[in-house]
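Right, one structure below, let's go through it.
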Amino acid sequence: MTTPAALKRIADTIWELPMSYKEGMLVPARIFASEKLVKEMDAGVFEQVCNVATLPGIQRYAYCMPDGHWGYGFPIGGLAAMDPGSGVISPGGIGFDINCGMRLVLTNLSAEEVLPRLHHLVDRLFARIPTGVGCHGFVKLKQDEFRQVAEQGSRWCLKHAYATHEDLEMTEEGGCFSGADASDVSVKAVERGFNQLGTLGSGNHYCEIQVVQPHNIMDAERAEAFGLTMVPNQVVIMFHCGSRGFGHQVATDYLKLFLGVMERKYGIKIRDRELACAPFHSPEGQSYFSAMKCAVNMAFANRQVILHRIREVFSDVFHKSPEELAMRMVYDVAHNTAKLERHTVNGRVKELLVHRKGSTRAFGPGAQGIPKCYDKTGQPVIIGGSMETGSYLLAGMSSGADAFFTTAHGSGRTMSRHEAKKQFRGDKLQHDMEQRGIYVRTDSFGGLAEEAGAAYKDIDEVVLTTELAGLSKRVARLVPIGNIKG
DNA sequence: ATGTGC
């Protein structure tokens, strides 16, 4: 790959494209990457991050995280903060899978206790958690009940005995973005979504059994605060899923609406249709913001009911209650959202609309809006690698202020799904992984091939880069032993 | 990512 000649190295892990790079840029573009990662980035990333820099109201820089790759309009691994007064909201800056996110759950079991029952455990998870495209959820709802889920998120789960108070505390925003009004969501979106509560989905969505090996703990103090030091080789559960067809339909509906009004009604000219947007304070912008929150809340509720079922499965397999197994949440992080947050710009505290697309909020120690128990450590940041190579738990840092306290979200793809399918075979991959101690169940070998570790960047390099850039600090590396995926 | 594509 060739990087643009105008790309300047600002620091070891910070690269910049100046405003002169592309006509209409309102701010420079900044890319967090090591030299190796920046060279691996596709040319599309540099074009896209500079396109984002032309959007009205953008503050400081258009950003790309070390796991960044080409996406719809904005790069995946993108971050753009807008002035809500003069700026826009853009569905492409949030993504189709609204609030796709990661949840990490503890157990007090050791790998030695789990391994003899691993196959049974993974088979039971696979049997009890619906996976794959078009799967139906285990929570049966009428459409009006689903609208309540969309407005209430995890709070709905608490009322219906799928959650504990502590689960809500350990979820961003308590598992509910306020201001979600289901009347802003189309009938079609509800029709697609109402039978999807309690589904994992497909693509890179998975549920994984992982081990915290003592030699993989990088920050002992934070590891203890996050609950990872109960037993040596402690087993934890990490899972990744989002708002399914519901969020997809919300994004589709509003992209279409915005394309109709953006230029004709608001006079906004954009170089790429995929950057469709509307002024944040316009009726269309506010309506999308509300509908997006409905999808955010559906995704929080989806992860919450899945957690409920994971607890049931562990309870059945190990003949102990979830409390006896200490199945507490470490945290739940959202990847694809826009949020109003207060940040310091030019020495003044200002409210900004922060678009994160394939990037993670990473508030540091003492930040408002994170659980009290994490006040000294910073918020937990859960970064999933590929199913072959392992994942990380990190913590937000005060030094992340320049990037509006945001970090990476995963490994980032190095090849398209199509290319990965050509290069790898799912059945062979499953066999090879089992030889290496990772038991995988899937209902799509094609889908499995797309997720091969070799189709992703080096997760160790990505998280090290976030640490060197001051965005987040590594706490522990988590090694997979079992995985179910769609 | 997605009842996987105009």
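For all residues, glycine too, the Cβ spot is worked out from N, Cα and C.
Just so it is clear, the model here is predicted, and its values are computed rather than measured.
Over all protein chains present, the Cβ of A:H205 (Mn(2+) 1 binding site) has 22 other Cβ atoms lying within 10 Å. Classification of A:H205 (Mn(2+) 1 binding site) by DSSP places it in coil, neither helical nor stranded. As annotated by TrEMBL, Mn(2+) 1 binding site applies to A:D97, A:H205.
Long-range neighbours of A:H335 (Mn(2+) 2 binding site) (same chain, six or more residues apart, CB within less than 8 Å of its CB): A:G95, A:N99, A:C100, A:G101, A:M102, A:G242, A:R356, A:K357, A:G358, A:S359, A:T360, A:H409. Here TrEMBL flags A:204-208, A:335-336, A:384-387, A:S391, A:409-412, A:K485 as GMP binding site.
Reduced to three states, the DSSP call for A:H335 (Mn(2+) 2 binding site) is coil. Per TrEMBL, Mn(2+) 2 binding site is recorded for A:H240, A:H335.
The feature active site, GMP-histidine intermediate is assigned by TrEMBL to A:H409. A sphere of 10 angstroms centred on the C-beta of A:H409 (GMP binding site) encloses 29 other C-beta atoms.
In sequence order, A:D97 are the binding-site residues from A:D97, A:H205, A:H240 with a C-alpha within 10 Å of the C-alpha of A:N336 (GMP binding site). Counting every protein chain shown, the Cβ of A:S386 (GMP binding site) has 23 other Cβ atoms within 10 Å. A:H205 (Mn(2+) 1 binding site) sits 14 Å from A:G412 (GMP binding site), taking the CA atoms of both as reference points. Within 10 Å of the C-beta of A:N336 (GMP binding site) there are 29 other C-beta atoms, taking all protein chains into account.
A gap of 14 Å separates the Cα atoms of A:G412 (GMP binding site) and A:H240 (Mn(2+) 2 binding site). Candidate binding-site residues: A:C207, A:H240, A:G412. Fewest other C-beta atoms within 10 angstroms, A:H240.
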